[in-house]
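According to TrEMBL:
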DOMAIN    46-295  domain 'G-protein coupled receptors family 1 profile'
TRANSMEM  30-53  transmembrane segment
TRANSMEM  65-86  transmembrane segment
TRANSMEM  106-125  transmembrane segment
TRANSMEM  145-168  transmembrane segment
TRANSMEM  205-230  transmembrane segment
TRANSMEM  242-258  transmembrane segment
TRANSMEM  278-297  transmembrane segment
Amino acid sequence: MLTMVLEGDNHTVTTHFILLGFPTPPAFQLLLFFLFLATYLLTLLENFLIILAIRSDGQLHKPMYFFLSNLSFLEMWYVTVISPRMLGDFLSHSKTISFNGCMTQLYFFVTFVCTEYILLAVMAFDRYVAICNPLRYPVIMTKQLCGTLAGGCWFCGLITAMIKMVFIARLHYCGTPYINHYFCDISPLLNVSCEDSSRAELVDFFLALMVIAVPLCVVVASYTTILTTILRIPSAQGRQKAFSTCASHLTVVILFYSTTLFTYTRPKLMYAYSSNKLVSVLYTVIVPLLNPIIYCLRNREVKAALKKTILCKRRGPREDGAWVN
């Protein structure tokens, strides 16, 4: 039962929400539990192995793999914000989540989503410099710059989530706040609010535009220039080699942007469609599972380093700590 505390301004303070999740028969709930549990554990294992392989192999101490390890670290936390709670709900009859718990989950989820948008743009810029300015690449992409760019991605994600939370958490939720979702996201919270949420939606739209559109422009501009440069390479083998260095990242970008773009540019509108939960499963469960697989299949260096790591044939990092270019 939901607990409500009366305030002096005739509003009520919601202390709990009810997550409807996936309304299916109990037997199917158990099946979903094992399916999502296996997906979650596999995602953690894949990303952990990539981080371990990059740290263990000195040949992967390059800017591209530094950003890849950041992406893997990010996605381990990204799925951990959502999956454990979802798995618990599959086995529970009471699918309530406290107000503070809901806001905490939303804050970290938005942080990781925003950070990933910006990080993918930084990775596209890295590929642009590597392919279009190969001679200047070691001078431009220094350890200091890479560290600053990675730190900036996390900082922007944290600040963006904080601003969004100021407006979302201040909304009043009354009646019976049943959330037709399996986690606390912006769209369901905007829709169960019992007051005008237009201001919160406007702020969310503006920030989403900044965090999505600006990195997307960087990605498009980078890959347009990259494609132009690759087409100018005279040999087919040279073109194939150049394209292979960015094919994995481009695939990951397309997967992530295509599944999140429409959801977070018009969050309240997306909630009106029953397919919203299915789309959310794609970018909270499936895409983080596929990303490490894509990088392994398309990148020979990562594939070779993973084989060494799994076989426990570890190579120590370079003693001077410099990038390998």
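The first residue you see is number 1, and the count goes up from there.
Every residue gets a Cβ built from N, Cα and C, even glycine.
Spatially, the transmembrane segment (30-53) is not adjacent to the transmembrane segment (106-125); fewer than three Cβ-Cβ distances between them are under 8 Å for residues at least 6 apart in sequence. Non-local neighbours of the transmembrane segment (145-168) in the same chain are 63, 66-67, 70, 103, 106-108, 110-116, 118-119, 122, 186, 189-190, 199-200, 203-204, 207, 210-211; each lies 6+ residues outside the stretch with a CB under 8 Å from one of its CB atoms.
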